[in-house]
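According to TrEMBL, the feature site 'Transition state stabilizer' maps to Arg17. What TrEMBL records for Tyr22 is active site, proton acceptor. According to TrEMBL, the substrate binding site annotation covers Asn73, His79, Asp86, Leu100, Ser101, Arg110. The active site, proton donor annotation in TrEMBL covers His99.
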Amino acid sequence: MSVLVLNGPNLGRLGTREPSIYGHTTYADLLELCEKTGRECGVEVEVRQTDHEGEMVGWLHEAADRGCRVVLNAAAWTHYSVAVRDAASQLEQPWLEVHLSNVHRREEFRHRSLLSDVATGVVAGLGVRGYVLALRWLAEA
Ligand code: DQA
């Protein structure tokens with residue numbers, strides 16, 4: 001089984017980006033953690049990050065065509081991108097929306113997600129542990 005872990009804008013700056021909100025774990029650490037979790041679960045995990053919406057849409061098409069499961073942290077696109085929602089809606093395998101922070105206890109504009117009602121499930125507010133739990137769940141689903 002293959003799982004794509006897809007990260008949207010600004011997540012490549014994890015570790016230096018607003019650490020009081022997103023923590024001190026770097027993107028490189030997150031990548032390593034996801035790959036390690038994949039090995040533990042016997043799942044092939046590939047982690048990607050982009051600041052370009054079209055690239056993310058293309059990766060979601062790829063996941064749909066390959067039948068991959070997906071962990072998606074669409075970051076800011078979560079809150080306004082119909083294009084990312086439409087691409088994610090094409091996934092036929094289970095996929096999880098993940099956020100490091102608890103978006104519901106932050107600014108009001110973060111309370112709305114264009115993804116939650118098309119996702120299989122949502123994990124928010126558990127930091128990088130949320131990715132580990134999402135991967136474990138997808139490995140067993
Ligand atoms: C985020 C939450 C989003 O509101 C924000 O735009 C991000 C990261 C999170 O992981 O907590 O970039 O998706």
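Glycine is treated like the rest: Cβ placed from N, Cα and C.
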Check the Cα-Cα distances from the residue listed as 'active site, proton acceptor' to the recorded positions Asn73, His79, His99, Leu100, Arg110 and tell me which is shortest.
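Minimum Cα distance from the residue listed as 'active site, proton acceptor' across Asn73, His79, His99, Leu100, Arg110 lands on Leu100.
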Roughly how many Å separate the Cα of Arg17 (site 'Transition state stabilizer') from that of His79 (substrate binding site), to the nearest whole number?
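Given the Cα positions, Arg17 (site 'Transition state stabilizer') is 19 Å from His79 (substrate binding site).
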Once the DSSP letters are reduced so that anything not helix or strand counts as coil, what is Asn73 (substrate binding site)?
strand
Which one is it: of the binding-site residues Asn73, Ser101, which Cβ has the fewest other Cβ atoms within 10 Å in this structure?
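Selected from the binding-site residues Asn73, Ser101 on minimum Cβ neighbours within 10 Å: Ser101.
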Should we count any of the recorded positions Arg17, Asn73, Asp86, His99, Ser101, Arg110 as near ligand 1, judged by a CB under 6 A from one of its atoms, and which?
Asn73, His99, Ser101, Arg110
Round to a whole number and give the Cα-to-Cα distance in Å for the pair His79 (substrate binding site) and His99 (active site, proton donor).
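That separation, Cα to Cα, works out to 12 Å.
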Give me the largest Cα to Cα distance among Asn73, His79, Asp86, Leu100, Ser101, Arg110, the residues the record lists as binding substrate, in Å as a whole number.
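This binding site's residues have a maximal Cα-Cα distance of 24 Å.
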How far is it from Asn73 (substrate binding site) to His99 (active site, proton donor), counting Cα to Cα, in Å?
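Pair distance, Cα basis, whole Å: 6 Å.
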Can you check which residues sit near Arg110 (substrate binding site), meaning Cβ under 8 Å from its Cβ, same chain, 6 or more apart in sequence, and list them in order?
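Same-chain residues close to Arg110 (substrate binding site) (Cβ under 8 Å, separated by 6 or more) are Thr78, His79, Val103, His104.
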Can you tell which of Arg17, Tyr22, Asp86, His99 has the most other C-beta atoms within 10 Å, given these are the recorded positions?
His99
Counting across all protein chains present, how many other Cβ atoms fall within 10 Å of the Cβ of His79 (substrate binding site)?
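His79 (substrate binding site): 16 neighbouring Cβ atoms within 10 Å.
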